[in-house]
């Protein structure tokens, strides 16, 4: 069997300018979109709490939302997971602990009502209120007072007398949001009528750390791949491979931007896989270009590239097709993150194939022309233009 | 067939058999064993046939696939550093006043961790500055403004302190989780100030958070030695049930109860404990794996707690003049008075150092100890090496400090997956992978005929190699890992496509079957190599910078790419060579 019955002879290179123009336009639009609208960051990066519940009885997202609001949870988003008869819901909240700006103020007032206190300050990131009291206090009393103000307390830590002898230090640790969710949804029931399937808390600092590490991983791998390509091939191949990579990553980022699917650690994995795939595809075509440059010494570079791209076209289509085929299972049976991953990969495979032909290869011509032009300026003899 | 071919063929057969052999523990742990015994390495070890590889070489399922809790706790080193700076400031002030250099007050800037010394008489500041900087070398001068001196803690000291705080927290967390009796816990350091904890099979994140997140409780309690035979009598009058595995052992002349099961030991002793006393256990550490307890031993302690860790101001391990490791501890003034009173009344008795309800050590009090400084000598080296004793002393110092200097831990991240969701995900995930694999296998066989079948054989071996490789590295299979598995199979197929397309091309140029195959492989080799290496680079960077699920994905990718290089370049070529050269075929089926 054969996909392309006859040897193709498509003139890819002559269409490079409109292709580059359109690609650049889309890329810029995505970058502007990311800057203006931003991703739909998952808890991995944004921080916060996600709770997945499965109800034993038929329930709608609307009912869950009403119940949550009745229980005092106002900034919760409720979303159904899977088929309607599964009765599974994803609840998302911004905070990790019950300490919000507003709650912290109430906690402070409650603590100050207990006696002479100083240095009352809230560590919002960790959900802790620190304070120093002139008299020793009973942690139970502190806990009761703060809970009286409507904030769940996990623990009151007695840090002991301060060394200067000026007081006693305490920390009030607020409970997690998941606690509040279960309390709100289970209110008025002997036994909750739902099963807690998944709970994710990610603190805001950790989220920021994870995000930075993800971005750094992306940059590092691009640089490493650039070095490898420049070393294995020629310098003029490097930038093309890099640009194609950047192009593909932006396109897949565009998928996450437009689809509003959650951008999380798995998305970073998807972007990185695309980097690998994109360069994989580019290398195969570069290899052929290099081989043909030796084979057809007299021909101009654009012509050689056309021959190389056409010769490898069968394999390019086939490889993309087969890799896409291996993703079909994930697309059909994958849920949540895995589905998103497969979808992003599919987008990546398509743009990766396109970019190896239309982005990576033309850039080699451009760099080659520039190299010749420079030689022409510095050298005495003018080389014939290759384009 | 030439010799070289037979060598290669033999190697492939050996690799295939080795791969299957390596997957035996994985097969037993995932298929043969009950789900609730999946993580029990001892049971697995028993069930495994004698010829199988050790049970530790098995593929673990990630918490996202089997259910459990993954936590990242952040050690609040900032609070600990603030406290430390405050304490040092107080020491400096006392030192200056004692030396009659002048009178200073110390203030700490909690944000920048700086220490400000203000002299009552600015004229004395020159002398104070000189003396303080010479004595307290862990501080350097930040700025000086008349009668105020701003000191900055030394970077190296701060880092060491931070590391120590994280080590202390890890030690405490480890002990607490052991108390909970969770098998296969994994506690490890993550970055500079975080600790990662995996609790397979657990489902209550709030309880886990509470268990791990509370500050350590250190107590000094007296051992009741009035009746040294108390445990021996208990054992004889009321023999414990066999399943509790309680035995009577003797340690330095004191009979103790010992059992590998802490709960059983405590349950047995509970209603037999004399009034006003508590039975508290000591962990007998595994000599190989320091953080594991192989048994728990009983101590009878007085119920009242005369002194807690709050009275401690410091602890350090050192080596005495007799060349014995020792731990020096210091109490704050109130603690020092209490300690003196306590030791005076209890000369000759043993005092237990209890951290989180675990007896850490119970040294004998040799004399009344005044002045707020005490020394716990670790004794002579004996059967254990000096390093081991010193290590013990350092651990004890850490334990004491953990109680003395609370570096609170807070939740950075908790991910909990219920067992049913985990089961569902593994079912869907493996189904997805199998469907993807089946589609590719069928497609290749149709498109490339015999060569396609050869590629399929290589592909299946590739899949097995990935699993065996993951088992060898004791890696964990996560949901993104399954996605990585599928992707690598795609890349492996790409390599075969490249080769087969090349062979077709060579054939279309009118080359003979042999020449086409040889040239096809030779030409495709570097392309495949470059393509794999570049993806491998991405994989390695992902592995070193990623955490959790991303890392699982990277591991699968790396193992998969290496396997793919082997199968697509070596395995398919050996088989194809057999059909083309060995059979002396005139055509090649691609």
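The backbone N, Cα and C atoms fix where each Cβ goes, and this holds for glycine too.
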Segment assigned the feature transmembrane segment in TrEMBL (from B:395-415, B:479-499): B:479-499
Segment confidence, the domain 'Protein translocase subunit SecDF P1' (B:166-225), expressed as mean pLDDT: 76
DSSP helix/strand/coil residue counts for the domain 'SecDF P1 head subdomain' (B:297-407): 35 helix, 39 strand, 37 coil
Cβ-Cβ under 8 Å with the transmembrane segment (B:524-545): same-chain residues at least 6 beyond its ends: 491, 494-495, 498-499, 502, 551, 553-555, 557-558, 561-562, 564-565, 568-569
